[in-house]
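Now, the feature entries from Swiss-Prot:
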type: DISULFID; residues: 22-33; note: disulfide bond
type: DISULFID; residues: 27-42; note: disulfide bond
type: DISULFID; residues: 44-56; note: disulfide bond
type: DISULFID; residues: 62-75; note: disulfide bond
type: DISULFID; residues: 69-84; note: disulfide bond
type: DISULFID; residues: 86-107; note: disulfide bond
type: DISULFID; residues: 370-401; note: disulfide bond
type: DISULFID; residues: 389-403; note: disulfide bond
type: DOMAIN; residues: 58-108; note: domain 'EGF-like 2'
type: DOMAIN; residues: 244-419; note: domain 'GAIN-B'
type: CARBOHYD; residues: 21; note: N-linked glycosylation site
type: CARBOHYD; residues: 64; note: N-linked glycosylation site
type: CARBOHYD; residues: 74; note: N-linked glycosylation site
type: CARBOHYD; residues: 127; note: N-linked glycosylation site
type: CARBOHYD; residues: 177; note: N-linked glycosylation site
type: CARBOHYD; residues: 188; note: N-linked glycosylation site
type: CARBOHYD; residues: 249; note: N-linked glycosylation site
type: CARBOHYD; residues: 381; note: N-linked glycosylation site
type: CARBOHYD; residues: 395; note: N-linked glycosylation site
type: REGION; residues: 370-419; note: region 'GPS'
type: SIGNAL; residues: 1-19; note: signal peptide
type: TRANSMEM; residues: 433-453; note: transmembrane segment
type: TRANSMEM; residues: 461-481; note: transmembrane segment
type: TRANSMEM; residues: 500-520; note: transmembrane segment
type: TRANSMEM; residues: 533-553; note: transmembrane segment
type: TRANSMEM; residues: 574-594; note: transmembrane segment
type: TRANSMEM; residues: 619-639; note: transmembrane segment
type: TRANSMEM; residues: 647-667; note: transmembrane segment
């Protein structure tokens with residue numbers, strides 16, 4: 001028994017459980033029986049608190065300030081323990097996803113993280129930055145703080161964060177409780193700091209950072225920045241107390257503001273001239289002026305951001321490397337904005353805005369387009385529009401425009417259609433109407449050439465196949481040309497259009513060759529010729545489409561329409577064969593008209609020359625539509641686009657099926673007789689066919 005105290009002391013030193021198992025008072029599952037300080041009892045495990053017998057509660061380490069995870073980390077409590085994880089945009093210094101504070105791990109910024117795609121990360125960064133600058137009350141000091149933090153080493157997260165900070169702080173960038181002279185001085189200082197700060201986000205050095213954003217994110221945040229700049233500069237300008245004309249600039253942005261009262265309205269002409277770019281506003285003329293009103297006008301000049309707002313992702317390309325591969329609209333000028341505020345609002349109503357902007361790239365081939373950035377202040381989604389703007393003058397280096405509204409203006413270089421919105425809508429309606437009428441007429445032609453046995457011949461066989469090919473081409477065009485939401489389906493539609501239109505051209509070529517053989521009097525084997533006609537009419541287009549698809553299948557279907565892309569001149573896989581057939585048919589057309597005119601004049605010498613010419617002209621007009629030579633207007637439109645060529649091409653080819661029906665069926669004596677036999681027993685039709 002004398003050894004028992006020594007054994008207890010030895011067991012305590014080793015922190016071992018004594019042989020007794022606390023049988024009288026059993027321990028809870030999260031506790032164990034131990035001897036501490038010579039006392040045997042139930043003790044809660046680490047991470048739990050209680051007496052070990054009746055209660056052992058989980059400790060909330062995340063609520064314990066001594067156990068907090070530190071800055072830029074979130075704490076998660078678990079049963080008996082906890083762990084820390086860095087917030088999005090940061091990583092642990094130990095490169096482990098989970099850690100605890102006592103192992104020395106901290107969260108550091110992850111510069112390679114795609115935080116700009118994570119709203120949680122953006123919100124966390126904004127809140128963190130706002131916490132740092134919330135105590136800054138003076139606008140100039142606030143802008144200086146943003147400038148210092150954004151002057152170098154920007155990430156996409158930083159750009160988005162500071163744009164949001166500027167947007168949220170723009171309402172603070174004004175002065176209300178200062179003296180008149182102090183207000184004007186402070187407004188000047190604020191505008192200067194504001195321009196210097198915004199320059200950090202729009203200078204060319206930041207383009208590589210903007211490139212890391214998706215197209216939608218880039219446009220949205222850039223729109224928000226421009227909107228914030230417009231609103232903030234106008235708000236600061238309204239703080240002036242006396243007539244003011246103030247300008248300031250940085251490397252890639254310039255600002256000019258005007259503030260004046262109604263007494264000076266006749267003498268102040270708001271304008272801006274920067275690097276040869278000029279903008280001027282013209283108010284509506286009034287007989288009398290309100291003596292109590294004032295006007296603030298703000299011009300903002302963005303030197304370099306145009307490529308960021310182009311429709312292409314390849315905005316990092318230098319202007320001379322632009323490849324107008326599809327129907328794109330690239331900004332080839334600076335972007336200049338004008339905003340205005342008058343009190344009362346009717347004091348200074350706008351009549352028009354004129355501006356002249358220089359081209360960053362010489363545009364000798366593609367047309368210039370006056371445009372403005374049309375966006376929603378609610379969603380900050382925007383796109384270029386030309387509504388309300390018209391081009392007044394343009395050459396290779398400059399373009400002048402006139403608009404009837406305020407916003408951000410620029411000059412676009414467009415490889416798309418050289419027609420206005422109004423003409424485009426009219427041409428669209430003409431195309432739809434013409435194709436519907438042509439489909440009906442072509443269906444009647446197919447029925448006529450297929451089922452009237454009395455008129456069957458080589459010529460009607462060619463007519464029938466031409467009508468079938470053209471019918472299918474126009475049907476696919478009408479149904480599928482604009483179904484570009486699914487890339488695969490759009491590519492299939494483009495491939496079908498490519499084949500059927502080439503097949504139609506092939507049969508137009510066969511029409512020309514067959515007419516030439518008849519007129520010249522060549523004797524041929526009908527069976528052999530029929531076989532080769534079918535091979536040429538249907539197999540040769542398949543070969544062209546097959547080779548084209550094998551070499552450039554990704555060029556079938558564009559982002560706008562389901563047709564061939566102009567990228568890498570892929571469109572010439574259609575234009576090339578079409579032009580060759582048009583050339584062959586034009587030569588055949590010339591020979592046919594010449595032979596027919598001489599033959600008619602020789603048979604009927606008593607008929608006047610005028611009558612012969614008129615007779616040949618009718619036949620020539622029919623041949624123009626039958627041989628597809630009206631497609632020459634399409635070639636002219638590609639070479640030298642204009643509204644005239646657009647209308648000529650649209651009308652002549654959308655209604656091609658109708659003209660074929662008129663010339664081949666309605667005006668044909670033999671087919672008229674067949675129609676008469678078919679409908680003579682129908683009471684409603686007998687009178688009109690008699």
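For all residues, glycine too, the Cβ spot is worked out from N, Cα and C.
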For residue 27 (disulfide bond), the one of 107, 249, 370, 403 that lies nearest, given that the recorded positions are compared by Cα
107
Alpha-carbon spacing, residue 381 (N-linked glycosylation site) to residue 370 (disulfide bond), which is rounded to whole Å
20
Looking only at Cβ atoms, how many others are within 10 Å of the one on residue 44 (disulfide bond)?
22
Check the Cα distances from residue 74 (N-linked glycosylation site) to each of the recorded positions 44, 62, 370, 395 and keep only the ones within 10 Å.
62
Residue 403 (disulfide bond) versus residue 42 (disulfide bond) - Cα distance in angstrom
86
The transmembrane segment (533-553) touching the transmembrane segment (647-667) per 3+ Cβ pairs under 8 Å rule:
no
Test the contact criterion for the transmembrane segment (500-520) and the transmembrane segment (574-594): 3 or more CB pairs under 8 Å, pairs 6 or more apart in sequence, then answer yes or no.
yes
Counting Cβ atoms within 10 Å of each candidate's own Cβ, which of the disulfide-bonded residues 22, 86, 403 comes out highest?
86
Cβ neighbour count (10 Å, all chains) around residue 188 (N-linked glycosylation site) is 16
Once DSSP output is merged into helix, strand and coil, residue 56 (disulfide bond) belongs to coil
Contacting positions for the transmembrane segment (533-553) when only residues 6+ beyond its ends and CB under 8 Å are counted
461-462, 465, 469, 491, 495, 498-500, 502-503, 505-507, 509-510, 514, 568, 570, 573, 577
List only the single closest residue to residue 56 (disulfide bond), chosen from the recorded positions 107, 127, 401, 403 by CA-CA distance.
107
